[in-house]
């Protein structure tokens, strides 16, 4: 039974990526075959490398935690884990005529089978690498106010991301380290394996696991990055928020993700945007909704009403006899349409406010108003209470 990856590195199951990388560096400095006298150093180093690769990849680590060590290794042999390429689907998958682990995934077919037999690095259904690997994408969150989403704004975000190691220039070893030809691949960077298949004996070329395809070994690794060529650093970047951005939308910053392998581009930084709620406006797509209080006389006689917008005050005509709850539309006073021309609308719902207290003169006037309309006034309740209870 092989050893659990967390135990290999000596970390807890809830260890952070930084803790895992630190444990990896400590183990590498002790068991790297080029610096260790331990006769089992090479085998231990492979285990350490494998444990680090699995536990520092978010998707693969999640699969590992869900499956457990033994089931994960079985799935990996079949090519069913996150970085292993195709799974059990397609021709030659689990239960297929060519046995487990050779499927190209759903939609694989004969091309994947012959690629597995005759070319490509790695096994278990994966495709061979055609060149340096692009850096992975990173994600971060950013919150903006509704006013900032209305006008557009430039904001700064700080992210922790891999950077090329400043001490070794990304090579993974010091400049003065001794160099020798890798004995496992004779300096070729690849090794050839002969396999017996249903089609006969075939040769498969794989990237050398000892030197990582470089064909050379170095007497020591960089103490700063543990031989990885990368360190995690904080980077402060400026994000341009376009007018009309909405919650849940994502902005892509090209080339601001993790660095790629030498000769390959960096990944991208994906910024997930959240727009804060506003105390005066409720957003509905590109439209805004606002509740506005008007007085009883304004509702009765009509008036020019001033309301706030995200671009300053605006006015509209309140019709005489307006009832509480009626809505008025102010065209073009809503949010800008993202990467399109024009704005949405502002919908103002009026709320007729009943005064909480009246002077004697105001009370007499309202009672006369009611009597003129033929309404009977309950002396005990009074017109004001009657009016207030009618809303």
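The backbone N, Cα and C atoms fix where each Cβ goes, and this holds for glycine too.
Looking at 11-52, 53-94, the range annotated in Swiss-Prot as region 'Disordered' turns out to be 53-94. Within the chain carrying the repeat 'CXXCXGXG motif' (182-189), a Cβ under 8 angstroms from the stretch's Cβ atoms is held by residues 207-211, 213-217, all 6 or more beyond its ends. Helix, strand and coil content of the compositional bias 'Basic and acidic residues' (53-79), in residues and according to DSSP, is 22 helix, 0 strand, 5 coil. Residue 185 (Zn(2+) 2 binding site) and residue 225 (Zn(2+) 1 binding site) are 25 Å apart (CA-CA, integer value). Residue 182 (Zn(2+) 2 binding site) sits 18 Å from residue 222 (Zn(2+) 1 binding site), counting Cα to Cα. Same-chain residues that are not part of 182, 185, 208, 211 yet have a Cβ within 8 Å of the Cβ center of the Zn(2+) 2 site turn out to be 183, 184, 186, 187, 188, 189, 190, 191, 209, 210, 212, 213, 214, 215, 216, 217.
In three-state terms derived from DSSP, residue 208 (Zn(2+) 2 binding site) belongs to neither a helical nor a strand segment and is classed as coil.
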